Amino acid sequence: MWHYHGSNNDVEYVNSEYGKNMVKLLYVRREGKVHCIKELEVSVHLRLNSVKEYMIGENCDVIPTDTIQNTILALAKCNGIKTIEEFGKDICEYFITSFCHVLFVSAFIQEVPWQRLEKDCVPHVHAFLFSPAGIRFCEVEQCQNGPAIVFSGIKDLKLMKTTQSGFSGFLKDKYTTLPERTDRILTTEILIKWNYGECQDVDYDCIWKTVHECALDAFSGPPETGHYSPSYQKTVNDIQMLILDTVPEIEAVEMILSNIHYLFTDLEKLGLCNDKEVRIKY
């Protein structure tokens with residue numbers, strides 16, 4: 001990306017990153033009869049110390065995207081993959097330390113949600129079930145002569161509660177058509193992203209599971225009663241505050257809640273009484 005200020009001499013390069021996107025790999029770790037798997041989608045971007053490949057078409061410093069892909073696969077083989085965060089740090093460290101002209105590396109890694117299959121509470125040694133209760137992802141960034149900065153996250157986490165939610169008392173003007181509701185179905189698709197500050201010894205697996213549990217608990221409330229959500233904003237705050245109170249290693253957390261609407265539909269024209277049982281999804 002560049003900004004143009006009137007002549008060729010006034011071009012300012014704002015972002016000259018390039019890289020390889022969506023490298024898909026499956027890593028299988030065998031411990032005797034017990035197998036563990038990680039299926040990942042990895043995107044890696046680099047920023048070099050010059051832009052001559054853009055300006056004059058000179059490619060002598062360009063690390064091909066094919067090399068980036070092969071490096072990702074080789075690091076999986078040589079280092080293994082314990083967590084996506086640690087693998088992201090391995091990738092960033094490799095490019096920063098192996099190429100003196102690489103100024104910045106970023107790795108975005110998304111994990112496919114496989115869970116070990118169980119029968120009668122007995123885990124299977126090598127069979128797995130696709131179970132998308134939220135997608136785990138991370139972003140790792142590293143600059144030359146600097147430490148890796150790690151972000152972790154959950155996306156595509158869909159939650160629903162059929163009561164204990166409403167939205168009322170909001171500002172109304174001549175363009176407002178939304179009716180007030182004190183009892184509605186609340187369904188959301190959640191993205192949560194957090195960072196660890198300068199923490200180095202982090203149990204990424206444990207923290208991810210804890211954040212996931214915090215999101216479920218703050219959204220739903222106690223299993224016997226639930227708790228009331230007066231707005232999207234209050235639900236966001238409840239989840240964020242529970243995460244920050246529960247996980248001291250987390251420095252900051254951001255969230256996006258996208259509402260999914262199931263609206264009441266009138267069935268009187270069909271000769272039926274709809275007592276809030278049937279709704280249309282929008």
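Glycine is treated like the rest: Cβ placed from N, Cα and C.
Per TrEMBL, the features are:
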- LYS20: active site, charge relay system (ACT_SITE)
- THR65: active site, charge relay system (ACT_SITE)
- THR65, ASP66, PHE167, ARG184, GLN233, ASN259: urate binding site (BINDING)
- THR65, ASP66, PHE167, ARG184, GLN233, ASN259: 5-hydroxyisourate binding site (BINDING)
- THR65, ASN259: O2 binding site (BINDING)
- HIS261: active site, charge relay system (ACT_SITE)
Looking at Cβ-Cβ distances, which residues of the chain lie under 8 angstroms from ASN259 (urate binding site) while being 6 or more apart from it?
LEU186, THR187, THR188, TYR232
Using C-alpha atoms, which one of the recorded positions LYS20, THR65, ASP66, PHE167, GLN233 comes nearest to HIS261 (active site, charge relay system)?
PHE167
Using a 10 Å radius around its CB, how many other CB atoms surround GLN233 (urate binding site)?
11
Distance [Cα-Cα, Å, rounded] between THR65 (active site, charge relay system) and LYS20 (active site, charge relay system)
5
The largest Cα to Cα distance in Å among the residues THR65, ASP66, PHE167, ARG184, GLN233, ASN259, listed in the record as binding urate, is 52
Nearest of the binding-site residues to LYS20 (active site, charge relay system) by CA-CA distance, picking from ASP66, PHE167, ARG184, GLN233?
ASP66
Under 8 Å between C-beta atoms and at least six apart in sequence, can you list the same-chain neighbours of ASP66 (urate binding site), or say none if there are none?
LYS20
